[in-house]
Each structure stands twice: as C-alpha cells, then as structure tokens.
Amino acid sequence: MGSEPDRKRRHFSSISPTPAMANKQPFAQLSEDKKLSTAVLQYQNQKLAQKIEAQKIEYSALENKFSQLKEKQKPRDSTVKAVNKSWKGLGIELESCSARTRDSNVDQAVKHITIIRDGGSAFLEDAFLSRLSQTGATECSSGNNCLDQIEEDRSIAIEKAMNSLSNSIAAINDLWHIMDGLNAAVLKELPGDGICGQMASCESQREAKNLRLMVGDLHSKNKSVARELQKCQDIDVKSKAELMYLRGSIVVRFG
C-alpha cells in the first residue's frame, strides 16, 4: 500500500496541474484574444469597404451630373458671350449717338421735357427703364466677389442704357415737335383751298404717323429681345450656381 508520505504525494500530484498544462493556459487565452481582435478588424474593414463603395457610386453620379451640366453650359456660354458683345457694342453706339443728338437739341429737349413725361411715349420709356432696373433674383449666394463685380458692371450698364434711352426719346420727341411746327407753318403759307397744300398736309401726317408706329414697333421688339436675354441670363446664373455647388460637394466629400 505504501507509506503515508507516498500516498500524500500521489494525491497532490493528481489534483495539481503539470507544468506543461500550466504553461499552455496563457497561450490559449492570447490566441482567443487574437481571434476576437481579428474578427472585429475584419468586420470594421468590411464596413469601411462598403462605405467606400457607396462613396464611389455617389462620386461617379456627381461626376456624370457635372459633365452633363458642363455640356449644357457650353452653347449657353457662347450665346451669352455673343449677346453680351453685341449688347455692349450697341450700348456704346447708342450712347454716342444719343449724346450727339442731345447736344444738338439740348435747348429743345429742356423746353419740351414735360411733353415726354406726359405724352404717349412716357409709358414705353417707364416700362423699359423699369425692366432695366430689374437685376434678377436668381444670383448664387457663393462667390461674393464675382457677384459683386457682376452687379457693379450691370449697374453701370443700366445707368448708361437709361441715359441713352432718355436722350433718344427726348430727341425723337423734339423731332416730332419740329415736324409738327414746320407742317403748321407751311400750311399757313399755302392757300387754304389749294390742292397742293392738302396733299402736303396729308403726306406729312402720314409720315409722322408712320414714324410714330415705327418707334413703337422698335420699342416692342426691344422689350421682347430684352425678355429673352433676361431668361438666358437667369438660366446661366442658375447653371453656374449648380456647378459651384457640385464642385464644393466633390471637394468636401473627396478632397
């Protein structure tokens, strides 16, 4: 059976782990921790990959939209550039002609300025000046420096156009007044019952009426062209604002 010390030694050996088993337990714990950390990292990497893929799709959609807007903007840019060039040249010529006409008729323009404001052409003038005063409400809130410069240039152009229009209308009114005065003076000199006098009077009246109709028609055409130009400018401003927004979105998301 053995002695008492042998029995105690065998009993202690049966309940105590061997040194090899004791060394394996810490390594097993470390292995489990590594497996858990690897699983967490794999999950996080998977989520990041999904997020990157979604951002790639969104970026591709924004790029496509940006390209479409650029293609749409190309013909508008050329049209607006051509219109602005023609408008600028017309404004310079009109300003020069109206200034010369104003200088040559300055006395009559001052004398008969009330006729312009009370006559039939006052409505056309007020309507046109009112349209010129409208600067549009579709400006982009970003790019303040650029918009300030645009607004300043537009204000200068409006002021020049208003001066030119006022001078032109004053000159036209003066010509009408002179023609009426000459017609009345000629009729007084001619015999009252003369056929030539009646024919001259009718002819002068027809010419004056045709001239007034031509001026009114020019005003109507100018208003129509101005409305179309304003539409093009509004579309141009909206497109540029959307392009700036898309650029900002791309920079913020992927810059």
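From the backbone N, Cα and C atoms, a Cβ is placed for every residue, glycine too.
Those TrEMBL annotations? Automatic predictions, nothing curated.
The model shown is predicted, which means the values in this text are computed figures rather than measured ones.
If you check TrEMBL, you get these features:
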COILED    45-72  coiled coil
REGION    1-25  region 'Disordered'
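Under 8 Å from some Cβ of the coiled coil (45-72) lie the Cβ atoms of residues 239, 242-243, 246-247, 249-250, 253-254, all in the same chain and six or more residues away from its ends.
Taken as a whole, the coiled coil (45-72) shows an average pLDDT of 87 in this prediction.
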